[in-house]
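Participant: Taken from Swiss-Prot, the feature N-acetylmethionine covers 1, and the record attributes it to similarity to another entry. Feature annotation from Swiss-Prot assigns domain 'PH 1' to 4-104. Swiss-Prot lists 120 with the feature phosphoserine, giving similarity to another entry as the kind of evidence. Summarising the annotation, Swiss-Prot assigns domain 'DEP' to 139-225. As annotated by Swiss-Prot, domain 'PH 2' applies to 247-353, with the evidence given as sequence analysis.
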């Protein structure tokens, strides 16, 4: 990393004039967040734009877009709003932590609060949020939504915040009420649950990360619409139930060479095991469905040389490249943002081939 750079990597940014979403390379410095356009796997200089952090406010998690639950919102001193999407909850929280640190540099009390926050949201490795939600939907042992009343209004198919905390503990997903609240907050952040009614919506607006979910018998929640599987064909049924049923092992933004036009585009890659698949998503699209993917059974993965443009790579793209050859001899050319990131992906994929 260059001198003075606090963090760098891909984020998906909402456009100012046309509200489309595009992947940009972001570089965080002490008081500035720069973002660059990419062409041929390389960032184009000068930067496409810069966000001055002095006087900025940050909202994380930002729930303004239902289909984009991993957002950070920055509001500058001049009230310009930036919406930035990360590839995972961990990466979003890492960016939010570093950006908040850059905003509050020179205020030790704020930095100490940040360190407490950073260490408070850890999901145990043996627990999958998808598994928790599946169990919640179980007709015999799950949590049963029912009509609930709040301030004179009746909300159908809801459950109480305190009831969910009770259920998480009784189902052995959490050992204490504090742990259960943390888990419930994660489920809400990842768009599996949503708040309903005045009490729970008010907690979201308070902006306090530690108090997003309320262990309260007056706070109402429901399953988010995004959890309901929209199935329109036999092909989609087989894709969602088999390929996408595995446990997520790793995810992140990588550049990929297209098969037909050979152009390079940033995609969000998700590596799953049991069954072993590597899928990739178009981060500019709203729907959370892969645009491609392949089974890793019988695949080969290897790093490509860093000196010059390797064989099979189109354009002047070089550095941090690796290749996956599938069982049916399809070649995928992928570029990481650093040697370390490339090594991590290769190691993770090799374990599943």
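Backbone N, Cα and C atoms are what each Cβ position is placed from, and that goes for glycine too.
Since we're looking at a predicted model, the values are computed, not measured.
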Participant: Let's see if you can do this one: DSSP helix, strand and coil counts over the domain 'PH 1' (4-104), in that order.
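Facilitator: Going by DSSP assignments, the domain 'PH 1' (4-104) contains 15 helix, 51 strand, 35 coil.
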Participant: Helix, strand, coil: count each for the residues of the domain 'PH 2' (247-353), based on DSSP.
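Facilitator: Summed over the domain 'PH 2' (247-353), the classes give 12 helix, 44 strand, 51 coil.
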Participant: Do you know the DSSP helix, strand and coil residue counts for the domain 'DEP' (139-225)?
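Facilitator: Tallying H, G and I as helix, E and B as strand, the rest coil: 37 helix, 21 strand, 29 coil.
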Participant: Across the domain 'DEP' (139-225), what is the average pLDDT of the model, as a whole number?
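Facilitator: Across the residues of the domain 'DEP' (139-225) the model's pLDDT averages 83 on the 0 to 100 scale.
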